[in-house]
Each structure stands twice: as structure tokens, then as C-alpha cells.
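Visitor: Annotation source TrEMBL lists transmembrane segment at 21-44, 135-157, 178-203, 215-232, 244-264. Taken from TrEMBL, the feature N-linked glycosylation site applies to Asn95. According to TrEMBL, the domain 'Potassium channel' annotation covers 96-156, 192-268. Residues or ranges marked as region 'Disordered' in TrEMBL: 306-336. If you look up TrEMBL, you'll see 321-336 marked as compositional bias 'Polar residues'.
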Amino acid sequence: MLQSLAGSSCVRLVEQHRSAWCFALLVLGYLLYLVFGAVVFSSVELPYEDLLRQELSKLKQRFLEEHACLSEQQLEQFLMRVLQASNYGVSVLSNASGNWNWDFTSSLFFASTVLSTTGYGHTVPLSDGGKAFCIIYSVIGIPFTLLFLTAVVQRIIVYVTRRPVLYFHIRWGFSKQVVAIIHAMVLGFITVSCFFLIPAAIFSVLEDDWNFLESFYFCFISLSTIGLGDYVPGEGYNQKFRELYKIGITCYLLMGLIAMLVVLETFCELHELKKFRKLFYVKKDKEEDQVHIMEHDQLSFSSISDQAASMKDDQKANEPFVNSQSPTSNDSSLNN
């Protein structure tokens, strides 16, 4: 008997705080996912980093042995300066000296990566004025970009998602949930094909050092706004039509970002995902909702009655032919 009562009380306690338990499981799952990613990246990439360090150390020792007149300190100072310039997007190599990082098309590409929060990091402002302007430009431009993308996605999703789903639901009588799921899958497949697979094939042809996997990797890193910056198109030696290529990449990034947001919004409108998200939300107290509703109703009723009374008074005051005599005087005049 006691066990059954304890079990029922535990079940009741879990049901009362269901959203809190779900939120705790969500936080725990996210932390475990972070740890899982760290373990996998460390186990996969650490051996490659060790091999690269060993290779660089051997090259450095061989260079110093072949050039005895150069000290190790001088070589390290030179390499440090080269690395600093490389972090600012300036290369010391002769085959990369022809590409300027701050011509108009490159600056346009940089502005698009800043406003979309992609931020490849291959090109950064050099001067203090450029850094200050980048801060002001981003503070104003990033919210402006979010507003712009939200407005564009809201308009596109009406014609791309909501109307097609309603058309098949009303015209053909299919279930709205089933049509929405199938439509989301089809839209996702079209987006992956048009903004990942086909551009990856194009980049693998236009970029000499990229294969299909690296090109697909660039597309995903860019359109997900991760922007690691290890692969940046249009930076190769003697890139043909570099200015036009940079403008095309800028348009691709903006259109791809809009397409990604449309797909995400389409999936977020699915009934099943809405129910799943509500598991982690804080539920409002019904009594508080009722109190707010009553207060709102009382305010609305009192305001309506006050408005009606004031309107009647205004009408009486504004009537042009109102007899100001008392009722008794009116009766006496009628009797006479």
C-alpha cells in the first residue's frame, strides 16, 4: 500500500514538473553532445597535428643547416612577421601578390560575410579606423540584416510553403500534417541540391585545389554561418574573372542563407516539431492567466462604459436645438 502511494506520488510529481525535467534532460544532452564532439575531434585531428609539427620542425632544422649564416632567432622573427601578415590576409608568396584584399569586390564580399555573421577571418581590417568602422557597421548592420532576412523569409514562405500545403489539403483532401511533412522533405531535398550539391560541383571545377568534398564542406560551413575560413573561394593565383567571381559568391551566400532560413522555418512549422518544442517550455499558470483575463475584461468593460457615457454627454452638448427649459414649464405650456 505504501509502495503504491509512493509510486503514485512520484508519478504525480514528475507530471507536475514535466517541463523542468525535460529541460534538464535537454541541458544534459547538449553537454554530452559537446563532450562527444570534443572527444571525436581530438582523437581524429590530434595525430595529424603531431605529424605536421614534426614536419615543420624537420624543415626548420634543415633550413638552418643549409643556411648557417642565419640564426634561429632571425628566422623566427621573420616567420612571426609572415604569420602576422597572413592573419591579416596578406601573403608573402610571390604568386599571391597580385590579389588585393580591399578592392571593391573583395570589400563587398567582406561586408556580406560580416553582416551575415559568417566571418571567414581571411581578411580583417588593418587600420584602427577600419576596426572602429567595422564595430559601428556591424552594430547597425547585423540587426538590419536580421530584419531584412526575416521580412524576405516571411514573404517567401507564404508562396513556397503555406499556400502549396493548403492547396493539396483543400483541393485534394489530403491530411494537412502528412502534406506538410512531405512538402518539407521535398523542399529540403531541392535546397540541398541547388545550394550544396550543384555549387559544390561548380566550385570543384573553378577552384584548382578543391575536390568535391572540400567544396561541399565550404558550402555547408558558409551557409550555416560557421565560417571557419580555411577555404575561401577566389583567392587562388591568377583567378580568372576574379571580380565577377567574388560578386557571384556574394549573391550565392545571400540567396543560400535565405533558402536555409526558409527550410528551417518550414520544418519549425510542422505540428510534430511544435509539440516537441513545447516539452521544454515553461507552462503558464492557469490561475494567473485567468486573473490577467479578468483584469483585462474589467478594464475593457469600464473603458467602454466610460467612453459611451462621454460620447452621450458630447452629443447632448453639441446638439444645436436643445430646449433648456424644465419639464414642468413644458407641461404648463402644453396645457395652455
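Yeah, the Cβs are placed from backbone N, Cα and C, and that goes for glycine too.
Automated prediction, rather than curation, is the source of TrEMBL annotations.
Just so it is clear, the model here is predicted, and its values are computed rather than measured.
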Visitor: Are there residues at least 6 beyond the ends of the transmembrane segment (178-203) whose Cβ is under 8 Å from a Cβ of it, and what are they?
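Guide: Same-chain residues near the transmembrane segment (178-203) but 6 or more away: 160-161, 164-165, 168-169, 210, 212, 215-216, 218-220, 223, 233, 252, 255-256, 259-260, 262-263, 266-267, 269-272.
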Visitor: Determine which residues of the chain contact the transmembrane segment (215-232) at the Cβ level, with the cut-off under 8 Å and only residues 6 or more beyond its ends counted.
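Guide: Tertiary neighbours of the transmembrane segment (215-232) are 113, 116-122, 195-197, 199-204, 207, 253, 256-257, 259-260.
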Visitor: Let me spell it out: take the transmembrane segment (135-157), skip the flanking residues so only those 6+ beyond its ends count, and list any with a Cβ under 8 Å from a Cβ in it.
Guide: 111, 114-117, 257-258, 261-262, 265-266
Visitor: Any idea what the model's mean pLDDT is for the domain 'Potassium channel' (192-268)?
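Guide: Across the residues of the domain 'Potassium channel' (192-268) the model's pLDDT averages 90 on the 0 to 100 scale.
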